[in-house]
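Structure, as structure tokens:
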Amino acid sequence: MKILVSNDDGVLAPGIKILANELSTLGEVKVVAPDRNRSGASNSLTLTQPLRVKQLDNGYYSVDGTPTDCVHLALTGFLEPIADIVVSGINEGANLGDDVLYSGTVAAAMEGRYLGLPAIAISMVGDNIQYYETAAIIAKQLVIKLSANKLPSQTILNVNVPDLPLSQIRGLQVTRLGTRHSAEPIIKEYDPRGRPIYWVGPPGIEADAGAGTDFFAIKTGHVSITPLHLDMTHYKLFDHLSNLLNEICIEN
């Protein structure tokens, strides 16, 4: 098996090394990841300048681009032969609910799926993460399962793992995305010259976090596994929107 590993925390982040080491027991692992932390990069591609790649002493490839750049690069000609599966992570922090809209970790997995491969995004939930090995072992088991049981097309798995020893994990739950309240306001400061600068505020607290959500699974000590679909079309709105548009008169 050939496994492509990427992330958004950067090629030197602890989570990616632990993940790659664990997955190496299954086959050949190639790591292609950003040269620095690119959290929040979402699905952005670099289109206005070339990408530069540096191979590190440990064999990992460091790219001066986004997580999506890394996977796109790896799967469209940089790596030969092509991988069988993409695993993105292990992210240092949650990707729950609305977080998936901004997450470079999730985006890297989505790019892999967009380019035809099964893909998993895996994140640790907590501060000052201690138990990356827990997520790495779970990722390995999921890769084994997916090698024999293919995901539907355009589907990835978004996996969130409590920062606990494996022995304290209560099980795996299939979940839906919860939601957060709106983000906190921006934080305004001033640089040494007195000019205003702005920091994006922290994410909002949980809004929809009841039973069945990814938030709830984490709170109860479970691993949350949410299937995400690349097709974002809102099919249920078709009839209502069609009726609404029929009321619009366009005159030549």
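Quick reminder: no glycine exception, Cβ is built from N, Cα and C everywhere.
DSSP classifies ASN91 (divalent metal cation binding site) as strand under the three-state reduction. The Cβ of ASN91 (divalent metal cation binding site) lies under 8 Å from the Cβ of ASN7, ASP8, ASP9, GLY15, SER103, THR105, ALA121, ILE122, SER123, MET124, each on the same chain and at least six residues away in sequence. Per Swiss-Prot, the feature divalent metal cation binding site maps to ASP8, ASP9, SER39, ASN91; the stated evidence is sequence analysis.
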>> I want the residues beyond ASP8, ASP9, SER39, ASN91 whose C-beta is within 8 angstroms of the mean position of the divalent metal cation site's C-beta atoms, in chain order.
In response: ASN7, GLY10, ALA13, ASN37, ARG38, PRO67, GLU92, GLY93, SER103, GLY104, THR105
>> Say we define neighbours as other CB atoms within 10 Å of the CB. Which of the binding-site residues ASP8, ASP9 has the fewest?
In response: ASP9
> Taking the Cβ of SER39 (divalent metal cation binding site) as reference, which residues of that chain separated by at least 6 in sequence fall under 8 Å from it?
Replying inline: ASP8, ASP9, GLY93, SER103, GLY104
